[in-house]
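Peer 1: My structure is below; once you've seen it, I'll send some questions.
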Amino acid sequence: MSPYISAFQAAYIGIEVLIALVSVPGNVLVIWAVKVNQALRDATFYFIVSLAVADVAVGALVIPLAILINIGPQTYFHTCLMVACPVLILTQSSILALLAIAVDRYLRVKIPLRYKTVVTQRRAAVAIAGCWILSLVVGLTPMFGWNNLSVVQQAWELNGSVGEPVIKCEFEKVISMEYMVYFNFFVWVLPPLLLMVLIYLEVFYLIRKQLNKKVSASSGDPQKYYGKELKIAKSLALILFLFALSWLPLHILNCITLFCPTCQKPSILIYIAIFLTHGNSAMNPIVYAFRIHKFRVTFLKIWNDHFRCQPKPPIDDDLPEEKADD
């Protein structure tokens, strides 16, 4: 390990710590809001909690590990591999949570009368558990053998060393780019993102189609129901857009590494791509606060009840229905 930290490393660490200090409290607040507000107790918000849990783990676990790797410790190969895998697990969990949210919004507008009987809390819990189990399988695949151990071991033995290789811990040194591009990106990142785009396009089409109708078979005001669904769908589509914007640059750089090994990648681009991926975990609570009325009101209630020196009168938990889904 380097005996000192350069000015560039200090700046990198400072930015990472700042991201973590925004991400962890912000996403804890999201989880807290769903816990205290009964109006947030439906499938969509359970999936949002799953997404928030992954984002908390990015700030509390992945960012400290990224800082450790940046400092450059000498570790055993499999120790470094274990340090590199959590980000793969959490990224996959986020993608699957976003996909579950998209499917949930589609069902809300496709079968509004049967939605509550089809999407139950039990089924939502099973879906969330399934997403996390699948994320563990995908993210831990390098631990099962798809890694760079053979290459590193060969170089280690050529130097006359024996036993498990000791290396400077770097992500690309232990994680196979074939795994990152062919399996992670081309199978588990890009297809779900494209599928989500198609789902949201269909959601917006169905909502617009219903809003243009004068009469609806469902009871109540269809303009009001689908108007609220449109606002929520726009907010969640924004979450998807920010996720893609944050993660695609790093995956594109991985493709360049694999398909053009001699191409030079400026270090500043790599660091920007890393900051984007970590920063994405801090973006979602900000979007919820500004775009989803339920969250905004509940955030204010939590602030007033627990953090103000002289709390204002509490905001009623039983929000008017017409505001609860704005």
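Just so you know, glycine gets a Cβ as well, placed from its N, Cα and C.
TrEMBL lists 26-288 with the feature domain 'G-protein coupled receptors family 1 profile'. TrEMBL lists 12-33, 45-69, 75-103, 124-146, 185-207, 232-248, 268-290 with the feature transmembrane segment.
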Peer 1: What stretch of 45-69, 75-103, 124-146, 185-207 shows the most Cβ pairs under 8 Å to the transmembrane segment (268-290)?
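Peer 2: Ranked by Cβ pairs under 8 Å, first place goes to 45-69.
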Peer 1: Pairs of Cβ atoms less than 8 Å apart decide it: which stretch in 75-103, 124-146, 185-207, 232-248 has the most with the transmembrane segment (45-69)?
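Peer 2: It is 75-103 that shares the most Cβ pairs under 8 Å with the transmembrane segment (45-69).
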Peer 1: For the transmembrane segment (232-248), could you work out the same-chain residues 6 or more beyond its ends whose Cβ comes under 8 Å from its Cβ atoms?
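Peer 2: Residues 44, 91, 94-95, 98, 101-102, 105, 109, 189, 193, 196-197, 200, 203-204, 207, 276-277, 279-280, 283-284, 287-288, 291-292, 325 contact the transmembrane segment (232-248) from elsewhere in the chain.
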